[in-house]
Structures are given as C-alpha cells and as structure tokens.
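Since the structure comes first, as structure tokens, the remarks are kept for the end.
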Amino acid sequence: MEPFLRALPKVELHLHIEGSLEPELMFALAERNGVALPYASVKEAKAAYDFDDLQGFLDLYYQGMSVLLHERDFFDLAMDYFRRASAEGVVHIDMHFDPQAHLQRGVALDIVMRGLLAAKEEAERSLDLSVGMIMAFLRDRPAEEALEVLELAKPYWQRLDAIGLDSAERDHPPTKFVALFARAKEIGLARVAHAGEEGPAAYISQALDDLDVCRIDHGVRCLEDEALIARLREQQTVLTVCPLSNVALKVVDDLRQHPLPRLLDEGLNITISSDDPAYFGGGLLTNHLACAEAFGWDEKVFEQLNRNALAEAFMDDARRAILLQRIDKV
Ligand SMILES: Nc1ncnc2[nH]cnc12
Ligand SMILES: [Zn+2]
C-alpha cells in the first residue's frame, strides 16, 4: 500500500502552516533571531508534544511561533513544509495562516504576507505544488479585532482564496463572527470554518447557517445530530477530517475508534488532512498510511478521498483537470 499511497497525487485542504514548524527549524530560527526557547533540545521539544486537549496544543503552537519574526522566516517555514509535502506526492495545499497570532507579537501583516506569498510562488514554480491561501481568524479573540485585521489586509484581498476560523472552539460559537463572514462574502472571498472538532454539532449548523461556509474543518461531531448528517449528505458539504490530529488532541482515544469509516458509510463528502503535521505525528502521507492500517481501506477509497479534495480545492480549473487525470491514471 505504501508505494501506491506515495504515488497517489494527494490534495490537502486543511493545513496550518504555523503547525508545520518542525522543532529542528524552530531551533535554527531561534538561533538566527536570538529568541530563547523553553526547550533545551529538539528531543525535549518533541517530548513536550503530549497533549490533553486542543487548548494544551494551542499553548505550545502559539509559543512555537515566537521564532517567526522576518519575511524570510515565513518563507523558510512554508518552503520547508512544501518541499517535504511535494516529496511525498502532495500536489496541492490549501494553507491556513493566523495573522493575529503574529500581529499580537508585533510582527506586521506585510512581513507575514510577503514571506508566505513568496513561498507560494516558489512552490508553484519549482515544485509543481499549487497553494491556496486561507487567512484564518482566532475565535478566542474579539470579533472586532478580526474585522480590523480583515480591513488591514485590503492590499492582499486579491491574493486570498478564503477566510477561516480557528483556535479554541469551546465557548466561541460561529455566531460571534457573523459580521466578519458577511464582510468576507461582500469582498468576494470564500469562507471555511473549524467546527465540531471539540465544539458541539450545533456549531457546525451555525457555521453553515450564519457564516455561509463552503466547507467545515474537522466536523467529526456531526455524528451527534441525525438531521445535520442528513443535511451534510444532501448538500455534500466537504468535511476536512484530520485523523492523526484527532488522536493527538484526544478527540478520539485511538485511530481504530475514529468515526471516519462511519462518516464515509453515511455518504458524506469526506477528505483527509494533517492539520498541524509538526505537532501531530506527520504529514498527509503519514495520515494516509495510518488510515490504511487502522481501517484496512483499499486503493479506491484513497483515490476517492483525494478526488473529493481536488473538487473543492482553491485552484484554477485547468490545473484541476490535469490533476484529476493524474489521480485517475495511478
Ligand atoms: N486543530 C486546530 N483546531 C483549532 N485551531 C487550530 N489552530 C491550529 N490547529 C488548530
Ligand atoms: Zn485546523
């Protein structure tokens, strides 16, 4: 199965670029920028990646980013993941990034955008890897701040594909961000949101009703609401499910207990992604391999998951057609 999964052109719809920061690069950037880290070694950092829940992870995720200060750091961060992903057969990535997490530390939006856009261009030129840009907003920060940041990003609106909603889900319902998502729609941006990862199924319904999103990031808790399952099946709304993330953050105890097989049996439009590969045990190929082992899926299942992702990815239709042929030919 490994040679097949490696060769299969894979499409990743849910990836936080700051969550792709491997400890090795974190240490290199800390040294380059004179930033102190709370770990003595790469080994110690990896040992700290043992999470009880989403908040436990987010605390280290925001701390890890402290080494990202200059345009070149954002470029190196993204290229480090793009090179690894491309070598594993990933052909497209819709990339979330968190401007508020950098603005809060005094890192200007221009620095983040220039570094990430340069990496996108370099990947598209030299790796045959296309990249979608999802500017994500932190749901545990004030809604007014999110609106201000979206306006601050005006010079970059043309370069964005979508806005997203991430960070601590509990007690931060989608309804808090109705004005932000209405503004993004007015600007002409697509909209996606994390929902039903740790939060209840009702947050998935809210994201669909009140934020008018085209896909749901995670969404695994939809299984708690029969009417919602029927709706997601009927609308064929894409769910970007992140199997190893759900294990690492204890959304499920063990991958074999993961609801992915049931989500597929329900006829939902499922895709798989890595979320934060540096923190959760690996990238998109590793997630594919883990699912093959846990669920015994055959090649057809993996082809379909990637066709689902390709159909929804933020890319132009000419490239989509080429990549579809490549999936069909494997
Ligand atoms: N899995 C996740 N859930 C919510 N916010 C995130 N930010 C980075 N990874 C996240
Ligand atoms: Zn995520």
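A Cβ is built for glycine as well, from the same backbone N, Cα and C atoms used for every other residue.
Together with H14, H16, H194, TrEMBL lists one candidate of D110, D275, D298 for binding Zn(2+), that being D275. Its Cβ taken as reference, D276 (substrate binding site) is surrounded by 27 other Cβ atoms within 10 Å in the chains shown. Candidate recorded positions: H14, H16, H218. Those with a Cβ under 6 Å from ligand 1, in sequence order, are H16.
The two recorded residues D275 (Zn(2+) binding site) and H218 (site 'Important for catalytic activity') have their Cα atoms spaced 9 Å from each other. Rounded to a whole number, the distance between the Cα atoms of E197 (active site, proton donor) and H218 (site 'Important for catalytic activity') is 5 Å. Same-chain residues that are not part of H14, H16, H194, D275 yet have a Cβ within 8 Å of the Cβ center of the Zn(2+) site turn out to be L15, G19, H96, D166, D217, H218, T240, C242, S245, S273, D276.
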